[in-house]
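According to TrEMBL:
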TRANSMEM  B:21-41  transmembrane segment
TRANSMEM  B:61-82  transmembrane segment
TRANSMEM  B:103-131  transmembrane segment
TRANSMEM  B:151-169  transmembrane segment
TRANSMEM  B:176-197  transmembrane segment
TRANSMEM  B:228-247  transmembrane segment
Amino acid sequence: MDTGIRARGLTKRYGHRVAVDDLSFTVRPGLVTGFLGPNGAGKSTTMRMLLGLTRPTRGTITIGGRHITDLDDPAHTVGALLDARAVHPLRTASDHLLAYAQTAGLGRARVAEVLELVGLADAAGRRADEFSLGMHQRLGIATALLGDPGVLVLDEPLNGLDPEGIRWMRTLMRDLAGEGRTILFSSHLMSEMELTADNLIVVGHGRLLAESTLAEFVRANTTQAVTVRTEQPDLLSHALHRAGVPFERAPDASLLVTGTESGTVGRIAAAEGIPLDELTRVRESLEDVFLRFTHDDTDYEGRAA
Amino acid sequence: MRILRSEWTKLRSVRSIWITILSTVAAGTALSALGVSDLLGGSPADLPDPWDPTATSLKGFLFAQLLIGMLGALSITPEYATGMIGTSLSHVPARSRLLAAKATVITAIALVTSLVTALLSFTVVQALFAGADLPSAGLTDPGVPRALTSATLYLTLIALIGVAVGTLTRSTTGSLAVLVGGLLLVPAIAPGLPGGLGDWFGDYWPNTAGQAAYAVIRTEGMIAPGTGLAVLTLTALCIAAASHLAFRVRDI
């Protein structure tokens, strides 16, 4: 079955406030798709509409062309992690999982499998109120994986994980996508997308800001820059000026050349016989790109006191 | 069947459900015994006339109904408190089926709990009456099996109303407020209203009417047991239908 996710004209209004505004995008199987946007951009609302928890004001969001309530076997088709804290505090991890395994016609054997998979086998008999946030995230992932679904929808899955947990979650998402599954995961942190996502859906104020591969997004939104350090900055400045290459002089006497490849800068210096101490290509960090990109769309911006 | 099994797992794996069940039985029986303590010292001549030892033995239902109503509410309100309802509905997107499974499992648990509460209250109080040389009733006396069956259905219907109230309020404390108001306060206060209105509340307020269903001796002006059970059943069905509608259309 086709397990792509497709949103068309998806809109959700709460009174006068528009949470999701005419959103259209496609999430393809076999790839990790990052759903990126500042807090309040409408990511969770979109995921809740996908899962049938919230009714769109207009538009549709479907899995393989069908609304979730029209799926033949939803528990085996879609797995979701919406809120890792959504566990009864007095229920054990294994009973929590068993209740959801049973909706998919599965039993304790499958519960043991997913507990093993997420590294919670030792905590199976413990109550959720003894869990750390990281353990809750792992339990949430285990719940999502119970029915071995082809589509995974994960809202902020990296939240609250320690560095080791983040690496584990990334590897897991990549592996699951490698098996041909559709993975949609949200985050408000670009840095979390860098090593995980193949594709990006960027939203702000409920509107689609970009839909592309991660690489394309970076290429389209970053500027090339090269740092050059030499003992003869004045000579190099003249040379660059003659070559028509734009640059800035940094306070530490190095030069920041923009819009030109490092090789070009090196050749200009070589032609003039200027020895270089450093020639580094600097990439604007994705965090910077994202912040600039969504700046106008940030709802709750911190203000300096 | 899968969803029923899942809902049963959810209920049985949390201790508060078992505490509520045991409290219903224990508090129901204890309060039934306590409720007749002032009669035990007297002579048969002091007993109310007409004397219905069966209905009199179920006074603890006044409190047991609140507990079993909360049992019903607790089948869904914690899911709203924790956010689990989102997980549940992403596994079972068909909302009607999820709610029906909850109602079915609660009905089954409530039937057993109610039957035990009714039988235990009846047996303990009849033994107290017999010990105090007061006229008592036996399980097989005319009208008694019907009354105890109605009493069982009475508590079960209240549990079902609890599921509906929990679904509508989406809150444990909200459910408690509604149940205390509807089951205890209104029947205690509203019959004091002037004229026909007070009379109507005294006869036809759903749980007051339902209590008429487990009377063996019908006193002057009391509504028929069948009518009483019908009023309560109809009320439960209406609230259940309203909660079903709300559950289907509301955003989670």
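Using N, Cα and C of the backbone, Cβ positions are placed for all residues, glycine too.
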Looking only at residues six or more beyond either end of the transmembrane segment (B:21-41), which have a C-beta under 8 A from one in the stretch?
-> 47, 56-64, 67-68, 71, 109, 113-114, 116-117, 120-121, 124-125, 128-129, 131-132, 134, 155
Considering only the recorded stretches B:103-131, B:151-169, B:176-197, state which has the highest number of Cβ pairs under 8 Å to the transmembrane segment (B:61-82).
-> B:151-169
Are there residues at least 6 beyond the ends of the transmembrane segment (B:151-169) whose Cβ is under 8 Å from a Cβ of it, and what are they?
-> 24, 58, 61, 64-65, 68-77, 99, 102-103, 106-107, 109-111, 113-115, 117-118, 175, 178-179, 183, 207, 210-211, 213-214, 229, 232-233, 235-236, 239-240, 242-244, 246-247
